[in-house]
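What follows is a single structure, written as structure tokens, with notes after it.
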Amino acid sequence: MNILIANDDGVFAPGIQALAHALKPLGRVVIVAPESERSGYSSALTLDRPLRPIQISEDVWAVNGTPADCVYLSMNGLFDFEFDLVVSGINSGANLGDDVLYSGTVGAAFEGRLMKQPAIAVSLAGSNVRSYEHAHDYAVAAKWVHDFIQKGLPNLPPRHILNINIPDVAALKGERVTYQGLRAQSKPITSHVDPRGRQVYWIGLAGEAVTDPKKTSSHIQSDFFAVANGYVSITPIQMDATNYDILEDLQTYIG
């Protein structure tokens, strides 16, 4: 099996290094990742300048582009063989709820699925994760991904991926199939004056989880709930954002 690994934290991030090490027993593992952090790039492709893949070492490549660029190049001519699976991650920080709209980790996985291959996005969720600098900090999560893939991935419909969030705990309680939760509105922007006297702004941090009262009665819980309780969250998500429930009503309204 040929496995392509991408991320949005950059080619030297500890999460992707841990993941590559864990998956090598499953087949050939190739890392193609941004040369520096590209968080928040979603599924963006670079169309205004050429991309420059550089081989760092055997089966490790850095690209001066986005996470989706890395997958697109890898599956459209950068290599003389085909990939069987795309794994994006392990992201430094959660991609829960509305995070998937912005996530480069999820964007890379979607790009792989557009290329007709199975794809999963994997993130490590926890308050201390962003300070981790070593691959061993991701060892528990990486082993879980290895075991999950080794068991055989479920067959998903076209244009669907699995968004997986692994809590940063010493002992995982198990897995839960989840729905995509909701976040409260992001915290306000912060304004400062830089050393040259110019007004600059920082976008606020993501909001907290919001409970959806319509779904609390279901035995399927949100991704937020699963992770907060020590379970791996496995959420099937799709590229088609059409709300089919209101199509007929909207057609009637429009006339």
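Even glycines carry a Cβ here, placed using N, Cα and C.
A quick note: this is a predicted structure, and the numbers were derived from the prediction, not measured.
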According to Swiss-Prot, D8, D9, S39 bind divalent metal cation; which of N91, N95, N128 is also listed for that site?
N91
Same-chain residues six or more away whose CB lies under 8 A from the CB of S39 (divalent metal cation binding site)?
D8, D9, S103, G104
Look at each of the binding-site residues, D8, D9, and point out the one with the fewest other Cβ atoms around it within 10 Å.
D9
Just jot down the residues in the same chain as N91 (divalent metal cation binding site), at least 6 apart in sequence, with C-beta under 8 A of its C-beta; none if empty.
N7, D8, D9, G15, S103, T105, A121, V122, S123, L124
